[in-house]
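Handing you this structure, nothing more for now.
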Amino acid sequence: GEVCNMINKKYNEFLPSMQSAEDLVSQVDGLSSNIDLLKAGIETEVQRDLNVAVAEFTELKQQLERDTLVLSVLKKLQEFDTAMKEYNTALLEKKYVAAAQRLEKARSTLKMLESRKGFELKILKALGTELTVQTQNMLYHLGEEWQRLAVWKLPPSKESSSLESAVRSELHLRTVPAKEEEIAGPPVASVLQAFAVLGELHTKLKAFGQLLLKYILKPLISYPSLQPLTEEESDVFILRFKSEEPNLDRCSPMEVFDKLKLVFEVLHKYLLSVPLERPAEHKEEGRVTLAELLGDLIWEELSDCLIQNCLVNSIPTTSSKLEQYIEVIKSTEEFEKALKSMQFLKGDTTDLLKYARNVNSHFANKKCQDVIVAARNLMTSEIHNTVKLTPDSCVALPRLPSPGAGDDLKTQKTCDLLHNDMVNLENETKLSQYTFSLPTCRISSSVEKLMELAYQTLLEATASTDQCCVQLFYSVRNIFQLFYDVVPTYHKENLQKLPQLAAIHHNNCMYIAHHLLTLGHQFRYRLTNILCDGAATFVDLVPGFRRLGMECFLAQIRVQKGEILERLSSARNFSNMDDEENYCAANKAIRQVLHQLKRLGKVWQDVLPVNVYCKAMGTLLNTALSEIVARIAALEDISADDADRLHSLCRTMVEEGPQVFTPLPEDDKNKKYQEEVPIYVKKWMTFKELMIILQANLQEIVDQWADGKGPLAAEFSAAEVKSLIRALFQNTERRAAALAKIK
């Protein structure tokens, strides 16, 4: 009962609260449907009205933009039209600058129209064409005017740019037109100003500048005889030339500068002192003058031409003239100053002035180049034009000036220089004055000149600035390096073919080597201060030159030896001389060898130093004798007749051999050398002993041997003597006894 009561009680409390919750739900449902109705209303009606308003607003905005654009385009088109009308009026009145400015205005208007995106008008193309036509029209008018203002009278273009055509060239510049003229032609200023506005001035000036260079400026630099003439008439100024006999083949830079200055002054006065408005985009750079623009266009070419055709030639070739060059530098400075004052030049020292101021370096370069060219010409000239050297012959060269003695150079011989310096050695032992002399011989005159050139250049070096001194010293070393490389190659064939040239070349090399020993010595005081470590020497080149001379001459000796052996090879081994044919062949071979030696003796006579001559001839005669001895000693059988004939062939060699020694042209002086032949011919005594054997009996041979102590034993070995005995004598007891004694 308790439980039931509790449940009822709870239930009764619950019912009303549930009731109220249901009421709440139904209220919410009602409200929700109201909202839906409202939303539907808004979506349909209000939204529609809003859309309409926005669309209208946008359309109006676009319309406004379109109208504004059309309005501004129309404004611009109107501006373009006005500009073109004003241009036409100005052109008719020959107000060229105004006309050009109106054209430029029209051009910038058109540019703006074309830049509008999405607004391409057909009309723009037509306007562009019109603008182009009018610009060309204006340029044509200006061109006509310009041609009336600056008139070139030139020779027919076929003619080359020569002196004749230069004399026939004229430039007429119109000055202010005469007052009486109905239409006052515009002055030069307005024509050029208009060109500038249209941006065409550069082209016009460039063409004018080229004519100016070709027909006026360059001829004045190139032809010393041209003089500029000026003539002034009422309304025109004329510039022309006359040709005078030049006193020199080259103008001094001073004269050239004066002539050019005159031309520039005329141009400045009548044509170029016009200040120009820059085209719009260069406004901030301010005004420039025409002179400045023309200067920019032609200065580089003009200064190159001045350097190449005027300054280069004026670089002095001797140090003494270097002083006077200050004048040239001064006048170059003045020339530039004048051009600056006329505004042709702006900025500081130009290439022209730098070139002139750098004269020392150019002097050295020019000097070195001249030296090397001269040296090369000497090296490629003929070797066989010779001069005779004697122990006291020397290179003539100017006397070295003592410090402060001024410039009068007296000629002094190198040997004086050498003797004064050399003979007095530290320990006071006196040397013969010929210690440093060359033996008498012949050398190429070109080599003597080469040596003079070297001394001359070193002398020049001692009188030059340090930089130049170093350059000249090295160019003298270069002369010798060049000789070493050029001569053997350039004269290669002749040195191989012609024994006389090989001998002269040998002497040339020895002569050079001889001078190189002392060459730096005379100039040491001046040169060593500048060249580091006292490197003013040529001694290092000496061995090379000696070798060069020796190798060439020895090669020639080898050729001659080869020919001797070749000739003797046709002597049929000197066997069976009792056969007439064999004897003739051997005799002919001996004759040919003697003939060859005689010819060499002649071509080397008076050329080679005597001691070299005797050694060379001795070597060759020795080659012939050795070969004959070897051939005869090798024979296995020699009959009595053979022995007689061999003896007579050998006698020819012994009698005529020494006569090929003719070192000197005076015959009586050669006897001494002919008697000394045994000194120069190693196998001479051997040959004489062979002749004795050919004529001796067995006993005589044994006596000559003298137990290996006789003269025969000095020349032949026991085996060789035995072999000869077997060939000469028949096999008998006496022969066996003799052979037994040879040991």
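Backbone N, Cα and C define each Cβ position, glycine as well.
Straight from TrEMBL, here's the annotation block:
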DOMAIN    2-84  domain 'Centromere/kinetochore protein zw10 N-terminal'
DOMAIN    142-379  domain 'Centromere/kinetochore protein zw10 middle'
DOMAIN    436-566  domain 'Centromere/kinetochore protein zw10 C-terminal'
DOMAIN    588-742  domain 'ZW10 C-terminal helical'
Looking only at the recorded stretches 2-84, 142-379, 436-566, which one has the largest tally of CB-CB distances under 8 Å to the domain 'ZW10 C-terminal helical' (588-742)?
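Ranked by Cβ pairs under 8 Å, first place goes to 436-566.
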Averaged across the domain 'Centromere/kinetochore protein zw10 middle' (142-379), what pLDDT does the model get? Just tell me the whole number, please.
76
Determine how many residues of the domain 'Centromere/kinetochore protein zw10 N-terminal' (2-84) DSSP places in helix, in strand and in coil.
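Residue counts for the domain 'Centromere/kinetochore protein zw10 N-terminal' (2-84) by secondary structure: 83 helix, 0 strand, 0 coil.
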Per DSSP, what is the helix/strand/coil residue tally across the domain 'Centromere/kinetochore protein zw10 C-terminal' (436-566)?
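The composition, in the requested order, is 111 helix, 4 strand, 16 coil.
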